[in-house]
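Participant: This is the structure, below, for whatever I ask next.
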């Protein structure tokens, strides 16, 4: 009997939607840098030394608070059953994220001028909880999609990159439409809640799809066979997929070493550049550019899969050159006196380097995430997909740690 078809690509579109949902917490906070740094924490101009420090290093602190629980819960989700089957875990994690976004909207409504330190720490606590839920959500979706045809893994990666583009456009639009940063931030975060509600609603619709049911039943049958016969061979799975897992790690390490912490502190080199407003310069050359071209890169992987699994590591390793390239641009981190010369003082060249970094991030990450589950036996693909998700987050975390030292390298 032939397996059912994905009629109208409904399941594919749902996985794209969940790819958007998995990175919504991360993208919403990093893209709202001006709201947190300039509006809530005073842009480093506060009389409080601690508030100035919070503003100067907000993205690094946020990355640290976000990725520690993300790394821990991603790896726990690989080895432990954190309550219920994959679908239940996803539903609960989305509900937790929705609650935290409600808190974030309420914090945007409150005047925290006189207590920036307290605001900062409340924000960090919400970031920790948000990313605990996000870790389970993201790792579970990569495990779930691993037994589908490999283009469905590509759909999740495409959704992740669409998320960044979507958030950038919402950020730019809300800043233009609404008269104050506070109002813009409120509607900006409400948008995230609406999208997460769409993700949650799919749990009631998608189980009716025959193609989804077929793949889910196959996964459950194979999973039960593994448990009955022997322990899951974690080391064997990890070792077999190790090259692609390394590729996943290195791609995201390089990307997060420079984006957004370094890129968002690169200023216009020429006053004649067509983007005059400093905030819009960062929004367009950093956030919008990265998210647009990372999405285009992941989209390209649908039609072109080159190089193959054996040689993918070569271009992935070459991407390390992006780190020094961005440091030699007009990188001016807050409260740091730069001593290195600015060798790349042309805005167009900087922008082209940013496009290349973003495109290769989207393209090679999609390939590595597709290849990883294909390197192991079919009944081990769920765990291989979850390992890949955990290595993705580990690469992000290590990249963020590296970004803490980049201001002191210049």
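For all residues, glycine too, the Cβ spot is worked out from N, Cα and C.
Note that this is a predicted model, so its numbers are computed, not measured.
Sequence annotations record features per position, and here TrEMBL assigns transmembrane segment to 12-30, 90-109, 115-137, 149-173, 185-206, 245-262, 282-304, 316-336, 348-372, 384-405.
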Participant: State, in range form, which of 12-30, 90-109, 316-336, 384-405 has the highest count of Cβ pairs under 8 Å to the transmembrane segment (245-262).
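Facilitator: If we count Cβ pairs closer than 8 Å to the transmembrane segment (245-262), 384-405 scores highest.
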Participant: Where, among 12-30, 149-173, 282-304, 316-336, 384-405, do we find the most CB pairs under 8 A to the transmembrane segment (90-109)?
Facilitator: 12-30
Participant: Residue list, the transmembrane segment (115-137) vs rest of chain: Cβ under 8 Å, 6 or more residues beyond ends.
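Facilitator: Long-range Cβ neighbours of the transmembrane segment (115-137): 21-22, 25-26, 29, 36, 40-42, 46, 48, 50-51, 54, 61-62, 65-74, 77, 82, 89-90, 92-94, 96-97, 100-101, 103-104, 107, 393.
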Participant: In the same chain, which residue numbers or ranges, 6 or more beyond the ends of the transmembrane segment (316-336), come under 8 angstroms Cβ to Cβ?
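Facilitator: For the transmembrane segment (316-336), the far contacts come to 44, 52, 55-56, 247, 250-251, 254, 257-258, 262-263, 265-269, 342-345, 350, 353, 356-357, 360-361, 364, 368, 406-410.
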